[in-house]
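*Asks:* From Swiss-Prot, for reference:
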SIGNAL    1-29  signal peptide
DOMAIN    38-115  domain 'Inhibitor I9'
CARBOHYD  ASN97  N-linked glycosylation site
DOMAIN    120-603  domain 'Peptidase S8'
ACT_SITE  ASP150  active site, charge relay system
CARBOHYD  ASN161  N-linked glycosylation site
ACT_SITE  HIS227  active site, charge relay system
CARBOHYD  ASN369  N-linked glycosylation site
ACT_SITE  SER534  active site, charge relay system
CARBOHYD  ASN639  N-linked glycosylation site
CARBOHYD  ASN704  N-linked glycosylation site
CARBOHYD  ASN737  N-linked glycosylation site
Amino acid sequence: MGNSFLIADTSSLVIGLLLILNGVFISAAKHYGLNKIHIVHLGAKQHDTPELVTKSHYQILEPLLGSKEAAKNSLVYNYKHGFSGFAAKLTASQAKNLSAHPEVLRVVPSRVMRLKTTRTFDYLGLLPTSPKSLLHKTKMGSEAIIGVIDSGIWPESQSFNDTGLGPIPKRWKGKCLSGNGFDAKKHCNKKLIGAEYLTVGLMEMTDGIYDYPSLGESMSPRDHVGHGTHVAAIAAGSFVANANYKGLAGGTARGAAPHARIAMYKVCWREVGCITADLLKAIDHSIRDGVDVISISIGTDAPASFDIDQSDIGFGSFHAVMKGIPVVASAGNEGPNAQTVDNVAPWIITVAATSLDRSFPIPITLGNNLTILGEGLNTFPEVGFTNLILSDEMLSRSIEQGKTQGTIVLAFTANDEMIRKANSITNAGCAGIIYAQSVIDPTVCSSVDVPCAVVDYEYGTDILYYMQTTVVPKAKLSPSKTLIGRPIASRVPRFSCRGPNSVSPAILKPDIAAPGVNVLSAVSGVYKFMSGTSMATPAVSGIVGLLRQTHPHWSPAAIRSALVTTAWKTDPSGEPIFSEGSTRKLADPFDYGGGLINPEKVTHPGLIYDMGIDDYLHYLCSAEYDDDSISKLLGKTYNCTSPKPSMLDFNLPSITIPSLTGEVTVTRTVRNVGPARSVYRPVIESPLGIELDVKPKTLVFGSNITKITFSVRVKSSHRVNTDFYFGSLCWTDGVHNVTIPVSVRTKFMRNYV
């Protein structure tokens, strides 16, 4: 999660920082002895009866541990609904011995993972007022059940009221559990239909000493972090009028699917994080319970291994997808560097973040009456004209001498050192801070407890020039205002993790983008801003829930295809989307995948790039998985073909070629989901120096022809190693524009000899 769990409430600053700093999670994990619980992956179930699956787990453990009683004491969880496996307390040597068992796919230690709106859906054009809109067609998502795996939920929030909702869908098989401060009969309703808290992994990892009362936690589904409540309301929050944060961003709050049902699975806890043994159990339960989509705003750092079973979200989501349940997960918040994207398994819908067309300008008035507009969430009263000083090498001495009392401090950059210094400035009684940055990141103001504004270097230099040419420079900081619409440019923020995929570069990640900057949503009884791919993920999850109502038989891959091929490459107003990093540039597929999600287009994509179990098995073969591992994962004997399939032919709604030498031909298959008699022709935007040749030149569909395979010959004119260049391939029938991104890197020299 990194620094992405940003709370725009300075009264919550200490708690917020405790939650977002990686070091806290890591130190807590070390303190609590991370390596006691091991997760034993067995792959697909060999029995349909959960009791028989559980029995098979004991049959594996008993010989290793010497008795049934020892096996019972060791066992933490049985995973028996969506897949087979268990979590058990094992020594390192026991885990090593168990990994050699013929039925065991892999044994991995349980780990700690990190948690990674009044305007969002208006911005995306998902409007409740239009009788032809997706919301009206789906009755606001009333039949959709969205499973959220996170830090719990604050049930009293008005975002979870069930006014106007009909009966709970009959297919629901889940539970609502009571606990400390949470009464299932009182707090669950026709909106919040499921609420569980998974604690066995937590308590075993903490040796039973997780002191939840002193940490302000509850052994219940209740959310004391705020994150789970926030994301659940983004996905499926009810209509709430007059929602705002201290007067900012006022309007009607609602989720993507306002009448959808929520099932919360709490696996994340204060000062510890999210325990993977519990997270896998939550995925297992969500498969059992009958959710339509699983939303996971949790992750780690960018992966460095091909192994699906080393990725708990990747492993659990594989089995969910095999059951037809889409899994939507966050790309992570450790951007903007390349190859930082998380949750990269090709069956996961991985979500990047963008900004909204909304900003919060802060008037900064200098003593010469020049007013400069900064940015930030400043809800403090106006700071009248007061002395303006520069944060430089003399600042520490000024703090010691009390010279910062009541002043506004100008600081160039806002790195970790400056934020620590800002806390010293705050403690020394300064009245406000102005940060000057090369690329504006207003979220840094959430780290200080005084009025704060952010400007770019140009404006920062203007302020500095005024200070250097004035005997007693002064400034005034006004509260933020809310500005919506043009001329605000949409952007992929610095924190959003970028591609290419670190373990399978031919698999484009992220897949899609959604708003994740300064998103207003529910927390404990109020509404607050948070930023991160955590906030973008439930926006997509809610839209996927709506899509599953309109197309209940579409596979998770078909849904991902519809999201990608209909996405905006610009913002909804037609303006370009920029990418923030060390420099600002136009966004490309490694920033936002297929683009910004377009909810009103996604139900009618025209063509889809579909995949099923055979496609995923071909991927595993191409990723050098051996037959035995794939057979265990699948639950039956499987042999990869010889030669193994090319990962370049994996039927994704994208073409990514990380090492092109000369030329290569790739294939894709599309299925017609539009009018039966349709003719599509290609529109090609070739990457720089790359030639794309498509065959056949037309795709002619009829009542008996619903699928067509085409090839794309990719040829480079470059004769040196290049970076990635980007283009697109669009099939159009004049109504539907089925567009996929094309990313190509030419590579003549190997990285090793």
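Even glycines carry a Cβ here, placed using N, Cα and C.
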*Asks:* Over the domain 'Peptidase S8' (120-603), what is the model's average pLDDT?
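*Replies:* Here the predicted model's pLDDT, averaged over the domain 'Peptidase S8' (120-603), is 89.
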*Asks:* Given the recorded positions SER534, ASN639, ASN737, which one has the fewest other C-beta atoms within 10 angstroms of its C-beta?
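*Replies:* Sparsest of the recorded positions SER534, ASN639, ASN737 by Cβ contacts within 10 Å: ASN639.
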*Asks:* Which of the glycosylation sites ASN161, ASN369, ASN704 has its Cα nearest to the Cα of SER534 (active site, charge relay system)?
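*Replies:* Comparing Cα positions, the closest of these glycosylation sites turns out to be ASN161.
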*Asks:* Find, among the recorded positions listed as ASN97, ASN161, HIS227, ASN369, the one whose Cβ has the highest number of other Cβ atoms within 10 Å in the structure shown.
*Replies:* HIS227
*Asks:* Report, in whole Å, the straight Cα-to-Cα distance of ASN639 (N-linked glycosylation site) from ASN369 (N-linked glycosylation site).
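*Replies:* Rounded to a whole number, the Cα-Cα distance is 76 Å.
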*Asks:* If you measure from the Cα of ASP150 (active site, charge relay system), which of the recorded positions ASN161, HIS227, ASN639, ASN704 is the nearest?
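*Replies:* Spatially nearest to ASP150 (active site, charge relay system) by Cα position is HIS227.
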*Asks:* In whole Å, how far is ASN737 (N-linked glycosylation site) from HIS227 (active site, charge relay system) when you measure between their Cα atoms?
*Replies:* 37
*Asks:* What is the nearest of the glycosylation sites ASN161, ASN639, ASN704, ASN737 to ASN97 (N-linked glycosylation site), using the Cα of each?
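*Replies:* If we rank ASN161, ASN639, ASN704, ASN737 by Cα distance to ASN97 (N-linked glycosylation site), first place goes to ASN639.
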*Asks:* For a quick check of packing: other C-beta atoms within 10 Å of the C-beta of ASP150 (active site, charge relay system), how many?
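*Replies:* A count of 28.
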*Asks:* Around ASN704 (N-linked glycosylation site), how many other CB atoms lie within 10 A of its CB?
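*Replies:* The answer is 6 other Cβ atoms.
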*Asks:* May I ask for the distance between ASN704 (N-linked glycosylation site) and ASN737 (N-linked glycosylation site), taken between their Cα atoms and rounded to an integer number of Å?
*Replies:* 22
*Asks:* In whole Å, how far does the CA atom of ASN161 (N-linked glycosylation site) lie from that of ASN737 (N-linked glycosylation site)?
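*Replies:* A Cα-Cα distance of 39 Å.
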*Asks:* For the domain 'Inhibitor I9' (38-115), what are the DSSP-based totals of helix, strand and coil residues?
*Replies:* 31 helix, 25 strand, 22 coil
*Asks:* What does DSSP say about SER534 (active site, charge relay system): helix, strand or coil?
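*Replies:* In three-state terms, SER534 (active site, charge relay system) counts as helix.
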